[in-house]
Amino acid sequence: MCFPFLASTDKSSSVTAPLSQLKMYSFMGGGLFCAIVGNILLVVSTATDYWMQYRLSGNYAHQGLWRYCMSNKCYMQTDSIAYWNATRAFMILSGMSCFAGIIAGIMSFTHFSSFERFNRSFAAGIMFFISTFFVLLAMAIYTGVTVNFLGKRFGDWRFSWSYILGWVAMLMTFFAGIFYICTYRMCERRRGTGPR
């Protein structure tokens, strides 16, 4: 990890070292906050039944990735439809990648000498970008099929809040990745200018 306390007699470097360290911790804290919120939103979005709302035979209905509900009764989606399976799989993979990134991000705050060659900030950033990619695939697949197939089947329909949470989760994981990659870049810059 790249947070050594630099002992230096130069006043300017002794002032800038704590400031740059504070900035790195701020980036990591912001990234960790975005990642935790993103992971919660991924779980809620994947588990809830409000990806799409529509009217069927005059009745209000809504559906998620696992169930569909009509007339205040919910039923499991037993059909093995490829786009649902793909969306489910990518949402689950996204949540798992985000969780792995959170673990790596938390470890970034610690100083384990056994991980000196392995930069946890970089690993966390990459995991958050992988999570972003998976949720983007899931949302793109669901959006494409819904607009081109289900949207034509149901006249009065709209996307609902579970679907919107998926897009918000994607933004949160993306910003978490940005924060951690910025931390990594600051780490590398500091390591390059540090005493040898």
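Every residue, even glycine, has its Cβ placed from backbone N, Cα and C.
Copied over from TrEMBL, here are the features:
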type: TRANSMEM; residues: 27-47; note: transmembrane segment
type: TRANSMEM; residues: 89-110; note: transmembrane segment
type: TRANSMEM; residues: 122-142; note: transmembrane segment
type: TRANSMEM; residues: 162-182; note: transmembrane segment
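With a threshold of 8 Å between CB atoms, the same-chain residues lying at least 6 positions outside the transmembrane segment (162-182) that come near it are 27-28, 30-32, 34-35, 37-39, 41-42, 44-46, 48-52, 64, 91, 94, 98, 101, 105, 108, 121-122, 124-129, 131-132, 135-136, 138-139, 142. If you look at the transmembrane segment (122-142), the same-chain residues 6 or more away from its ends with a CB under 8 A from one of its CBs are 31, 35, 38, 42, 51, 83, 86-91, 93-95, 97-98, 100-102, 104-105, 108, 163, 166-167, 169-170, 173-174, 176-181, 183-184.
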